[in-house]
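Over in TrEMBL, the protein carries these features:
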DOMAIN    44-111  domain 'P-type ATPase N-terminal'
TRANSMEM  305-328  transmembrane segment
TRANSMEM  357-378  transmembrane segment
BINDING   D426, T428, D881, D885  Mg(2+) binding site
BINDING   D426, K427, T428, E568, F615, K638, R672, T753, G754, D755, R855, K861, N884, D885  ATP binding site
ACT_SITE  D426  active site, 4-aspartylphosphate intermediate
DOMAIN    907-1157  domain 'P-type ATPase C-terminal'
TRANSMEM  935-956  transmembrane segment
TRANSMEM  971-991  transmembrane segment
TRANSMEM  1021-1045  transmembrane segment
TRANSMEM  1057-1076  transmembrane segment
TRANSMEM  1088-1108  transmembrane segment
TRANSMEM  1128-1147  transmembrane segment
Amino acid sequence: MERRVRKRDRLKWSLLYTFSCTRATMTADEEQASLDCPGYSRIIHCNQPQLHTKMGLYYTGNHISTTRYNFVTFLPKALFEQFRRVANIYFLLAAVLSLTPVSPFTPVSMIAPLAFVVGLSMMKEALEDWKRFIQDMKVNRRRGDVHGGEGQFVHKHWQDIRVGDVVKVEKDKFFPADLLLLSSSYEDGICYVETMNLDGETNLKVKRSLEVTLSLEDDEAFKDFAGTIKCEDPNPSLYTFVGNFEYERQLYVLDPSQILLRDSKLRNTSYIYGVVIFTGHDSKVMQNATDSPCKRSRIERKMDSIIYILFSLLVLISLISSIGFAILTKYGMPNWWFLQPNITTGLYDPSRPAVSGVFHLVTALILYGYLIPISLYVSIEVVKVLQATFINQDVFMYDEEIGKPARARTSNLNEELGQVDTILTDKTGTLTCNQMDFLKCSIAGISYGLRASEVEIAAAKQIAAEVPGTPEHHTGSQDPWEGKSPSHGSSDIKFEHEITCMIEDIHKPAIKGFSFQDDRLMHGNWTKEPTASTILLFLRILALCHTAIPEANDETGGFNYEAESPDEAAFLVAAREFGFEFFKRTQSSVFIREKYSPSEEPVEREFKILNLLEFNSKRKRMSVILRDENGQIVLLCKGADSIIFDRLSKNGKMYESDTSKQLNEYGEAGLRTLALAYRVLDESEYSSWNNEFLKAKTTIGADLEAQIERVSDMMERELILVGATAVEDKLQKGVPQCIDKLAQAGLKIWVLTGDKLETAINIGFACSLLRQGMKQIHLSIANIELLTQDPNKETKENLMMQLTNASQMIKLEKDPYAAFALIIDGKTLTYALEDDLKNQFLSLAVDCASVICCRVSPRQKALVTRLVKEGTGKVTLAIGDGANDVGMIQEADIGVGISGVEGMQAVMASDFSISQFRFLQRLLVVHGHWCYKRIALMICYFFYKNIAFGLTIFYYETYTGFSGQSVYDDWYMLLFNVVLTSLPVITLGVFEQDVSSEVCLQFPALYQQGPRDLFFGWYRIIGWMLNGLYSSIMIHFLNIEIFYLGAFRAEGQTADIAAVGATMFTCIIWAVNVQISLIMSHFTWIQILFVWGSVAAWYLFLFCYGMLSPIISGNAFRILQEALGSAPTFWTATLLVTAVCNIPYLLHISLQRTFNPLDHHVIQEIKHYKKDLEDQHMWKREKSKAREKTLIGFTARVDAKIRQIKGSLQRKVSSMTMQSV
């Protein structure tokens, strides 16, 4: 086979990188000693996977599964899930007892409904799990290149890859398993890896193979390759790896820099070769995942409690009935000659009344079973599936760009969407779209860039609405700073003009990554600026201080830049647009084209790379040392302003004050900032430092990195400040507005990210989870290495002190507008989540307006989610897009996956999927609110109608001497829940809307009806039960009173049991259907059809049933035609009983709407009388009141800004007043 030519064979990045490519400092002997300990037993035969089985080494396959069931476990697990429901257990017992003589019903009438309900629910579970299985299969059947022998690589499905296989992964492909890097398309074995799916970081990681495997440079080289790896057993730690590699009788130490993790992506590298170490569920990303849980909503769990109450009621009335039957059997029935008491059976024997009472207890338990609605669960299942269909079909949650709609992957949790208290969100790919836009810059103390950030635009809009005298300002109160001084008014006019200009600056950048607009720098105009020399230096720093690689774009004729971070890419695009195009990189040089004006030809310049001190989270800066064409050596540096300012020389602080002020302004605008500086070096100074630097790089021992850091720090001193950059970390479309709306709805939002602290904070500012003036509480154990005797104990004590002090500071805060933000890193979080500290940590976090956890592992995300869920006892929602978010998505009460352009792990593990974070607003505030209220009303109504129906059976049985006789025909009872009252309640659960979707979004505080459990609290549940009790009493006793002695027919006959039973059932059908029509706020033709159609269906059934042979219809033969239809008493009783049953509810709702209306009552009346159109002032006032008090989001940010402006103007008016006095 022809040897493959390397694409970039002249680039040896290891010679440039200082920190990322340092060698392992542990010796082979030290490594071997650690591998002899337990937990390090894995032995891998490279390129010989068949040896493992022969040697008794059985490793997990590369097949993954996120399903809840398989073909073996489905039946037992699904049945267990179904019979966790209390009602199903009762009906199972009733079905078994129906096979005995004590049952008042036939076995089929009890078994068939149970089988239907359970079977339908299991089919739904199977269908949802099948969808997960299909998603798993898509991943498992991805193809990869695997060495098949004789130097030939063949295509294999991921699921067929084994431990020990040598695989080849090409650029922009995911790694199919955890691999040991053997070689890459670069000569020195370097490759770039994107780990966004694992830790949320967008900056690329540098990995480097061992030098001994660099010769494995093409497919043919693996023909005779063999080696042995001994390493740690599977574990969830993403950032550690211990092992050694035996190759050609030599032992080499392995460390994390050689490990490529599953679900990471190869970037900026043509291809790599690697050997499989961990497969499938042994891989580190899957080790961080948790088993897919079976989630149940809080309403469903509370429904079990209601079932317990009803079951207790059932047992109570059954005991009353059985005791009454036993007493009458002993004392009354021997005298009732017409019952032939001398003929006894096993179930009835006056000589053994206790035994008869026990048998009657079983009969009563079955007879009164209609108190517990068997159709409730199946009706809820049907309703939830239809609700999920509406969520799937919502065009307002359809992403046209990628063609993906929202998906309810399970319908079990629809109503839970309306009860969320805390949202835990990932950052990268969830809040952000991993795109930076160069927006502003400060050069030589002068700010450039006229376009406003998203934060500034939104704030300006609202401030404009508050400024007196503007058309947007409509307030009925006189503001305290409105003076009559002309000079005062002129400043207002200027302020208003600035705001108006900012509002008009809503832009769509034409160039990706570049949203800058300022003619002073564009089109070569910068050469006319008085600080042109400093601007030249600034632009060169942008074009030269980076590690990016240019790739020619054949379509545009320009270059695309593959950078380690989106910031670098944005800087390079900005430099190109300013006329400084980076177009080529070699091993030792960087080439740029400089164009000073549009009319001039570009000048190509070469800069020699001497050293590269790359960025990391500890250094917070990056430097490059170059030699220009004149032979001058210069150090260019960019980094966090706090770091750069501390390293400025006395002569380099000329612009520090102005730049610092502008950096603060950029920060308030939600922009990410970096300071730029430089230093000119003389030859001797550089030569002396470089010798020290080379000596530090060749240090052997544990302090290698410390030595390199020390020497690097020596050079990065005495800098001269040039300016600063401000890039906008492009949030996903609508993220700030969505967070603001969710905050107004009363939801708490936590950010859990694997990204570094500074990035997380910048995003917090960008989406207004943080703002200027918010007091930040940083929990950190950065000095842990300095603690000596008992580091663990001292660290905990230190953290405990921080928690106590922070909690005390919040309690002592007197300012009602004060807001606190808690920021904690993963290292500190490890201790904060321990049993003795986690409750105090949670208490502090709950008191803060926002919480940001950075540098957290996937397992820590899951643990934080569990802590919030269990510690607060409230509904949690986790949202993320990557494999690193699977743990928290599964742990939360509700898991939402972002179905973006990356992997599908998060979606596969989720309960709901959306394509962008902004759709979460509609999913919760609209669909969540609707689904919660629909399900709550539906369940309450279900219990109401079954109590109203079931207790009439008890009353009649008591009235007839506890005889076990039902007043209703068997067919009436079977049809009550299945046909005659099922469809109206389903339409209630599917179509009910207290307010429209637009109003839900305009009045976000309505959402709090769910978290406060307003419609399914015990007060509401007991109220509906009492309503059912009242209705049952009225239905039974009014009918008995009406029919007891009066003539029923024209011939003077009184009513028999068939007539009374049919009339009572008619009253029930009318009463419950009128009741459901009173509940509904929103009517569609479907609801009208089903509600009144159910009433019509009863009369139709009664007519048709009466037409059947008396053998089938029994006492109901022609009952409607000959008995009821012609009797005025029947129609009068129906009208009277229906009215009496519903008048109390009608009075209650009338009084409530008049004297103590709920929020939606007020809105409904405003909309009904069209006051929202006629009185805009009132409508706007109501909207401003209909939001929860919040300290995060755009609204809180703008409110704080308005308070600041008002305070400033008030102070100004006061000082002017004092001066005039």
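The backbone N, Cα and C atoms fix where each Cβ goes, glycine too.
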Pairwise CA distance, D885 (Mg(2+) binding site) versus G754 (ATP binding site), rounded so that it is a whole Å: 10
Ranked first among 1057-1076, 1088-1108, 1128-1147 for CB pairs under 8 angstroms with the transmembrane segment (971-991): 1088-1108
Cβ neighbours of R855 (ATP binding site) where a neighbour is any other Cβ within 10 Å: 22
Integer Å distance between the CA atoms belonging to F615 (ATP binding site) and D426 (Mg(2+) binding site): 23
Among D426, D881, D885 [binding-site residues], residue with fewest other Cβ within 10 Å: D426
Residue among binding-site residues T428, N884 with least C-beta crowding, 10 angstrom cut-off: T428
Largest CA-to-CA spread of ATP binders D426, K427, T428, E568, F615, K638, R672, T753, G754, D755, R855, K861, N884, D885, angstrom: 32
Euclidean distance between Cα atoms of T428 (Mg(2+) binding site) and F615 (ATP binding site), Å: 19
Candidates R672, G754, R855 (binding-site residues) - the one closest to D881 (Mg(2+) binding site) by CA: G754
For R672 (ATP binding site), the number of other Cβ atoms found within 10 Å of its own Cβ: 23
Tally of DSSP helical, extended and coil residues in the domain 'P-type ATPase N-terminal' (44-111): 31 helix, 3 strand, 34 coil
Rounded Cα-Cα span from T428 (Mg(2+) binding site) to G754 (ATP binding site), Å: 9
Integer Å distance between the CA atoms belonging to T428 (Mg(2+) binding site) and R855 (ATP binding site): 12
Local Cβ density at F615 (ATP binding site) - other Cβ atoms counted within 10 Å: 25
Averaged pLDDT score, the domain 'P-type ATPase N-terminal' (44-111): 82
